[in-house]
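A.B. asks: One structure, as structure tokens, below. Some questions next.
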Amino acid sequence: MVEVEASPPLDLNDKASSPPHHAMSMVPNEGECAMGKRKDQGIGEPEGSRKKKKKQVATPRPACSWVHFSRDFIKEYSATHPESSGLKAATKAASDAWKLMDPEEKAKYTTRAREVWDKYLSSTPARAPKPRRQTKLVTRCSPGRLLNVLQRLTPDQKEAVKSMGFGSILGLRCRTLRRSLCLWLLERFNTVRRSLEICGERIPLTPRDVELVMGLPASGKDVVNSGSDELILELRKRYNATNRGISVRLLEERLAAPEAGEDFKRSFVLYVMGTLLCPTARLDVSPSFLHFLTNMDVLHQYNWGKFLLDRLVREISRFRQGKQLAVGGCLLFLQLFYYESVAVGAAYESAPVAFPCLFSWGEEEISEREKQEKELGGYGSGEVVCMERGLGMGSLGYKAQTDSMPLRAVEPMQELSHAQDMDDQEYEGTFTEQEHAHTDSIQGNVACAEIEVVTGSGGVPCGNIKYGCTEVVDYSKKRDHEEACAYAPRTCPLQNCNVVDSSKQLSLHFSSKHWDSGRRFQYDSPLRVSLSKKETFLVLQAEKDGVLFLLSKGTQSIGHTVVITCIGPVECFLYDVVSEKGSSSLRLKSFAHSFPGKIEGLPPVDFLLVPFSHLGSSEQLDLEICIWSSTEPGSE
């Protein structure tokens with residue numbers, strides 16, 4: 001807008017001094033504009049009265065449609081209203097008239113402005129674009145906010161969290177996201193192939209990787225977060241859900257209460273989803289999550305790994321399409337997946353694999369890792385080791401992870417190229433078929449070997465070769481060896497798990513899949529345990545060697561039977577089990593004999609009988625047990 005030099009006020013009522021045709025001077029013409037510029041430059045002004053020179057644009061920008069209209073209107077208005085008080089009144093009248101005009105009347109001025117603008121663009125050289133700043137990452141994924149809530153949970157609330165299958169979240173240690181790293185990973189995330197393309201490798205992501213990093217189950221029923229609004233109408237009212245969502249602060253207030261019932265469980269899941277696992281671009285929690293919270297008893301049966309990965313891919317896709325400014329999804333998973341998949345530094349080469357990876361990364365560890373990244377020259381300067389960690393490899397990767405192999409250099413994953421365009425289910429299914437084919441091949445070779453050895457002389461492989469036994473024994477002793485073999489198949493003691501494997505692999509399976517479903521203990525040290533009225537067993541796992549034991553409780557006509565068996569090697573472990581009530585106590589010393597699975601009915605070995613009269617009013621069975629590391633217990 002061109003500035004006009006101040007002049008003595010005009011009296012529009014004085015026709016001699018201000019004839020109507022002079023009113024046109026209210027809208028400056030090109031000559032007056034040039035004169036104004038010369039004045040701004042100090043030409044013709046007394047020395048010392050020059051104003052600070054303003055930066056002038058070489059070619060003025062064209063006026064908009066409103067300016068074109070106002071110029072014509074003010075000319076006409078000043079000519080027809082000589083009694084007007086000046087430019088201010090004319091401009092006010094022009095504004096009122098513009099507001100009352102319909103689009104058709106404004107079209108004339110809009111067209112004129114567009115023509116002038118097009119001419120301006122065609123005659124003005126293009127300006128050099130300004131260097132674009134690095135995009136700032138905006139996300140609602142806030143591990144620090146969740147960590148503050150976790151630190152206030154009571155023991156009962158933590159047990160309730162574990163019962164839903166979210167126990168791994170309690171091990172969260174980091175507070176902040178490394179936004180520069182997340183932004184770098186987002187630029188290299190292929191949403192079609194669901195893979196990270198870093199360090200010259202394409203690393204596919206599967207629900208199993210979510211399980212390894214976050215500790216959430218990657219098997220079970222699909223999570224459904226859609227359906228009829230009538231089914232969640234009551235829940236929406238209970239959580240004051242609006243179209244924007246459920247207030248995060250409301251959930252925090254509910255989680256501050258000490259109760260650990262169903263309302264706490266539902267509020268906790270909503271809060272975890274909205275702040276860490278599946279945040280959206282909004283500040284509030286999506287009310288669609290209420291659909292899978294109608295029945296809290298089946299929450300632990302869902303495939304949370306697949307749900308989290310699906311939501312992450314969807315949110316990144318929406319962000320790239322420009323549909324939202326913030327990035328949704330669990331960016332913490334991407335960050336920790338990168339840390340576990342790319343090794344930096346010599347000390348990393350022999351680092352053991354921890355499960356879930358979430359437990360290994362606190363603020364101190366992340367800061368040290370970031371320091372190493374900077375020393376190497378930035379992100380992507382390390383070496384991809386995800387194949388050794390069991391990450392990015394589907395079901396085969398998970399099996400490799402349970403072997404607890406140390407890290408070492410890996411080959412580029414060229415053998416995965418045939419499955420890169422498949423979705424997660426097809427990808428995992430391809431490897432499952434390969435594993436079965438490989439197992440069948442081994443079994444076929446073993447059968448052929450037995451026939452050859454029987455007709456000739458020498459030994460035969462153990463029948464447990466598919467579980468890891470490499471022994472070759474005399475054919476006549478084959479049956480005896482297999483009965484005492486440390487690799488004899490054993491069944492996972494949990495009801496809903498059908499895994500059958502050797503004792504060693506079953507121990508690793510339990511550590512990774514069911515780590516929050518049992519109790520860890522130390523040999524030669526007393527441990528107090530309690531079994532409620534409905535509990536029939538408790539899995540115990542030794543911290544030293546991972547051997548599994550099963551504390552079984554049976555019910556007879558006069559009381560409960562208690563026995564400890566070993567789901568492991570044939571070696572017998574001596575144990576004590578004591579039940580006390582007041583000054584009286586019941587005690588059993590026996591050997592934890594090897595047993596392949598869960599006991600049904602009366603145990604086949606020695607057991608302790610605890611009468612019902614020995615129990616408290618809650619009918620809870622309180623015991624003190626001690627399992628000795630050898631057959632010779634220490635002195636009492």
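Glycine is no exception: its Cβ is also placed from the backbone N, Cα and C atoms.
Pulled these from TrEMBL:
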- 59-128: DNA-binding region (DNA_BIND)
- 59-128: domain 'HMG box' (DOMAIN)
- 457-515: domain 'SIAH-type' (DOMAIN)
- 1-59: region 'Disordered' (REGION)
A.B. asks: Restricting attention to the domain 'HMG box' (59-128), give the mean pLDDT.
C.D. replies: 82
A.B. asks: Could you put numbers on the helix, strand and coil content of the domain 'HMG box' (59-128), residue by residue per DSSP?
C.D. replies: 51 helix, 0 strand, 19 coil
A.B. asks: Quick one: DSSP breakdown of the domain 'SIAH-type' (457-515) into helix, strand and coil?
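C.D. replies: Helix/strand/coil tally for the domain 'SIAH-type' (457-515): 24 helix, 10 strand, 25 coil.
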